[in-house]
Amino acid sequence: MKIKVIHGPNLNMLGIREVNLYGPMKLEDINKNMEAFAKQNGFEIEFYQSNHEGDIVDAIQESLNENVDGIIINPAALTHYSVAIRDAIKAVNLPTIEIHMTNTAAREEFRHKSLISDIVAGTITGFGPFSYHLGLIAMIQILNEIKMAKEAQAKAQAQANKQ
């Protein structure tokens, strides 16, 4: 199974910008850690980062043609105003987890509202780079449960066909 991780604006600057908020870990290191954990659990993982809303919308939509089973997304600042990203997530109808490294509820008022939190499977905030790891654990669990449900349904259908 395949998971796509989408990083929004300014996340390419991790380890450089606002280290007091986001810590010293670079995006490449977060991706390497996630890749290792995904492989240990038998999952394929791919990463995408853009500072542009339309490109992120394209990346979400392209998930359907790439046989992606689930999306982990940190929309960053776009969380708070991108109806386009919200609509793209709804359109692809894939299990999606929203990630934020900082606790957005403890930050500026404008960061308190997420336009996607009500349409995703869950939201993980405030654990720094570990937020991504927690999101990956959650996504693996969700996808394994979906797989088991499909297998059980297929088994039940096969038994029903025998009768």
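Cβ coordinates come from backbone N, Cα and C, glycine included.
A quick note: this is a predicted structure, and the numbers were derived from the prediction, not measured.
Per Swiss-Prot, the feature site 'Transition state stabilizer' maps to R17; the stated evidence is sequence analysis. As annotated by Swiss-Prot, active site, proton acceptor applies to Y22. Marked as substrate binding site by Swiss-Prot: N74, H80, D87, M101, T102, R111. Under the heading active site, proton donor, Swiss-Prot lists H100, citing sequence analysis as support.
Overlay of Swiss-Prot feature records on the structure.
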residue	record	CB count, 10 Å
R17	site 'Transition state stabilizer'	12
Y22	active site, proton acceptor	19
N74	substrate binding site	25
H80	substrate binding site	16
D87	substrate binding site	16
H100	active site, proton donor	22
M101	substrate binding site	23
T102	substrate binding site	17
Rounded Cα distance in angstrom between H100 (active site, proton donor) and D87 (substrate binding site) is 19
Per DSSP, to which secondary structure element type does M101 (substrate binding site) belong, with helix, strand and coil as the options?
-> coil
Please report how many Å separate the Cα atom of R17 (site 'Transition state stabilizer') from that of M101 (substrate binding site), as a whole number.
-> 13
